[in-house]
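Chemist: OK, TrEMBL features for this one:
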type     : residues : note
COMPBIAS : 1-10     : compositional bias 'Basic and acidic residues'
REGION   : 1-20     : region 'Disordered'
TRANSMEM : 31-52    : transmembrane segment
TRANSMEM : 64-85    : transmembrane segment
TRANSMEM : 97-118   : transmembrane segment
TRANSMEM : 154-174  : transmembrane segment
TRANSMEM : 180-201  : transmembrane segment
TRANSMEM : 256-278  : transmembrane segment
TRANSMEM : 298-317  : transmembrane segment
TRANSMEM : 354-372  : transmembrane segment
TRANSMEM : 378-397  : transmembrane segment
TRANSMEM : 409-431  : transmembrane segment
TRANSMEM : 437-456  : transmembrane segment
Amino acid sequence: STMRERKATDPLHSSTDLSEGKEKLRLKQEVGLISGVSLIAGTMIGSGIFMSPEWVLHHMGNPASSLLVWAACGLLATFGALSYAELGTIIKESGGEYIYILRIFGSFPAFIFAYTSVILVRPAGLAAVCLSFAEYAIAPFYPGCSSPQVAIKCTAAACILILTTINCLNVRLATSVMNIFTAAKLLALLVIVVGGLVLIAKGQTQSFQNGFQGTTAGIGAVGVAFYQGLWSYDGWNNLNYVTEELKKPEVTLPRALMIAIPLVTCLYLLVNVSYLAAMTPSELLSSGAVAVTWGDKVLGSWAWLISLSVALSTFGSSNGTFFSGGRVCYIAAREGHMPDILSMAHVRRLTPSPALLFTSAMSLIMIISGSFTSIVNFFSFMAWLFYGMTISGLLYLKIKKPELPRSYKVPIIIPIIVLMAAVYLVLAPIIDQPQMEILYIVLFIFSGIIFYFPLVRFKYHPRFLQRVTLHLQLLLEVAPTTRDAN
């Protein structure tokens, strides 16, 4: 059948093992503390810090309040990650939000999350990162003016096609690309931080005088500014997608989070200070590629190094997004919530090519139809909707199931703050500046009902879907994956 029959599970059964009665996959536990920190920091540092500063400043109105937003975003990401750390020590399974929603709230909300994530959320994230890669890759060819949108979108589309080829050909090649480009992004940020400290030491602090003058007061504008800032911190929950592969997850998970996220927050604040030391707020707002403008002002003839480093950084980040994109898809298929074809692998190359090709196609559609800032706002609205649902699940467990064994407990005030922030981030833009796009997103989320009841709840599998699956298997040379249980 095209959908795997899901084994019956009673979410949060009275047993202390939340996954009792479920087919379990015991992966090798090879991710230690250093690897965990690298995974979080490497995923978080992507395109956002090179693209979002001008939009945060635009919506907040002045440098000082924009820096406060960046600090608040880091604090919120830390609180969210600590809340997820407790969830990860209660439900010791990979899959992040999907598996938590499934175990706590049941099949239907989990299907809606998987449906939305596979079709919209992950492709939107990939599209936004590739658009920022394109912005920086072609910026040197258009000095002193904004790059044409057609050129940006064509370059972003080419980036997606190259990534699809790399990831479909060889897993080792994809991981090598990720490791090389992680070094590039750290180098670019360190150059910007050191350059900014030198400028401040020379007395270039005019951007910080009267820093709070003209602060925006609208709740919608502040919410959108947070969207842009939080986009740069996205990835704080990545370790929860590989819980089954962590060494001592009850120890490694919270420790890795407490090291990686404050480190990235400090780095982001210093980079923003460096941008403002080199540019006036108006110059920063008019820059299509902030780091390139910074390089032109500070490094002179060596400015091309920044463009190259940032392009490599965003390419590596998009490769990481692409590489990890199959996890929710795979686990949702394991639970019977996705077509089998999306969880299959190439018979010789052992890569999840159907899921990668599907993500690639959806990302290309988003690049054609949207811009960087609109895609980020669209991505953030959906992401925080599901983050809020996951955090409310943790609060349910803390109040109703305090007897469940957990090696790490977060103070209850922290998930309450995160839930309040999630509600604000979802509702504020709707209340202050309602847009038709939000209505379309909500309608799409609920359109999952059309597929859930016949295909998952009542297990209706039309013959033509089975034939389509068979033909796709033959065309793509893929087969169901086999898993070794330890």
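Note: Cβ is positioned from N, Cα and C throughout, glycine not excepted.
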Chemist: Using a Cβ-Cβ cut-off of under 8 Å, list the residues of the same chain that are 6+ residues beyond the ends of the transmembrane segment (437-456) and lie near it.
Modeler: 3, 6, 107-108, 111-112, 115-116, 120, 336-337, 374, 378, 381-382, 385, 429-430
Chemist: Could you tell me what the rest of the chain brings near the transmembrane segment (378-397), counting residues at least six beyond its ends with Cβ under 8 Å?
Modeler: 12, 80, 83-84, 86-87, 90, 97, 100-101, 104-105, 109, 113, 116-117, 120-121, 124-125, 128, 227-228, 230-231, 234, 237, 370, 404, 412, 415-416, 418-419, 422-423, 425-426, 429, 437-438, 441, 445
Chemist: Which listed stretch (31-52, 97-118, 298-317) has the most C-beta pairs under 8 A with the transmembrane segment (256-278)?
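Modeler: So the stretch in question is 31-52.
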Chemist: Counting only residues 6+ away from its ends, which parts of the chain sit with a Cβ under 8 Å from the transmembrane segment (298-317)?
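Modeler: Apart from its flanks, the transmembrane segment (298-317) reaches 43, 45-47, 50, 129-130, 132-133, 136-137, 139-140, 159, 177-178, 180-182, 184-185, 187-188, 191-192, 195, 199, 278, 289, 291-292.
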